[in-house]
Each structure stands twice: as structure tokens, then as C-alpha cells.
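Comments concern the structure below.
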Amino acid sequence: MSLRVALISSVIAAVLGTMIALSLSRYRFNGSGAVNLFLVLPLTSPEVVLGSSLATLFLSRGVDFGYTTVIIAHVMFQISFVAVTVRARIRGFDWTLEQAAMDLGASPQRAFWRITFPLILPGILAAWLLSFALSIDDFIITFFNAGSLVTFPLQIFGASRVAIPPQINVLASMLLFLSIALMVGALLIESRRQRMIASGALKRKK
């Protein structure tokens, strides 16, 4: 269940967070300051504040706690991490590359998918890996919004009240190795992105 929640919520957060990061980086519009503020709040606020606030919202709307509320709660705090990470990756991006492609006859959509997207994809993947790791490890926000749903962190918490069975130790070891693999993957993606940037800079100099 934890893997399913982490996968779905991280994919949704990666899409929405990337769209927000691109909008804030490319355009200036009224309310951009408020959007930036809302992005920073989940990063600086304790998880218990976000978790309890979302739980109060769901209760006031009569929403049943469970699978859907956990995914919504995870997406809410993951979006900030994705948007900030992707925005940092594209801060120095040369947007004139898109304009040059359009000058050569490409449509705006084709210029984005053929020029911009491949260059920012490593940053998006790194942000997705980060959000996936945060989701699969989260306890506090999940605790407030899970209802009868049991994720791996909640299962460990419940089992630790009596005695931790050997199966939990095995699953914990698997989770540790998965986290390490995600970290290594993120580092490899970032290294590839840096090589692409360096290669592009050398080509422009030539």
C-alpha cells in the first residue's frame, strides 16, 4: 500500500509541481508572490500543522478518511518540494532556445517537447524521486489522514507498541535499500544533467 500511495502521489506532484515551476520561471503575473509564499509554507511548517489542518478540512467537508485522503495529503506537501527543486534546476535555462526553434518553423508545443523538456527532464526525475522517498517514509501526515488505511510507517508504529516482528525488520531493510537506490538514482540524474549543461556550454563557445 505504501508503494502504491507513494507512486501515485509522487507522479501527480511531479506533474503539478513542474507546471508551477515552469509558470513561475517563464511568466510574470499578478499573484506570483502569493504562489511563492504557498510553496514555501509546507517546507517551513511542521508536518503536524499540515496534517492536522488537512484532517480538519476533510472532516468539515464530510470526506471519509482513507486511500484518497492520504494521496491528497501527500500531494499537498510533495508539490512544494517538486516545484522548488525543478525551479532551481531551470533557473539558468536559456529560454531563447525555444524561440530559436520557433523561428525555424517549430510550433510552441513542438519546441517545448523537443527542446525544453529533454533538458529539464533530469531535474524533473530528481524531484520525482525526492517526492517518492518523502511519501513512502511519511508518518505524521499519513497518521492524521489515513483513517483505517495502514501504510508501512503506520504498521511499524502499531507493531512497536508490543514487539516488532521479524517481518517488519525485513521490510525496513528493504525500505532502507530502496531509499539508498533512490538517492543514488537522483545523484546519477543530476550528474547527467550537469554533463548536458557542460556539453551545451562547450558547443555554444565553439
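Each residue, glycine too, has its Cβ placed from N, Cα and C.
Annotation comment: TrEMBL describes 1-189 as domain 'ABC transmembrane type-1'.
If you look up TrEMBL, you'll see 6-25 (among others) marked as transmembrane segment.
Residues annotated as transmembrane segment in TrEMBL: 37-59 (among others). Cβ atoms under 8 Å from those of the transmembrane segment (37-59) belong to residues 20, 65, 69, 72-73, 76-77, 79-81, 83-84, 138, 140-145 of the same chain, restricted to positions at least 6 beyond its ends.
Annotated transmembrane segment per TrEMBL: 65-90 (among others), in sequence order.
Distant neighbours of the transmembrane segment (111-133): 6-7, 9-11, 13-14, 17-18, 78, 81-82, 85-86, 88-90, 93, 95, 97-98, 101-102, 179, 182-183, 185-186, 189-190, 192-193, 196, 200; these residues of the same chain sit at least 6 beyond its ends, with a Cβ under 8 Å from one of its Cβ atoms. Taken from TrEMBL, the feature transmembrane segment applies to 111-133 (among others).
Per TrEMBL, transmembrane segment is recorded for 139-158 (among others). Within the chain, the transmembrane segment (139-158) has long-range Cβ neighbours (under 8 A, six or more residues past its boundaries) at 1-2, 5, 47-48, 50-52, 54-55, 58, 64-67, 69-70, 72-74, 77, 164, 168, 171-172, 175.
The transmembrane segment annotation in TrEMBL covers 170-189 (among others).
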* **the transmembrane segment (65-90) and the transmembrane segment (170-189) contact flag, 3+ Cβ pairs under 8 angstroms** => no
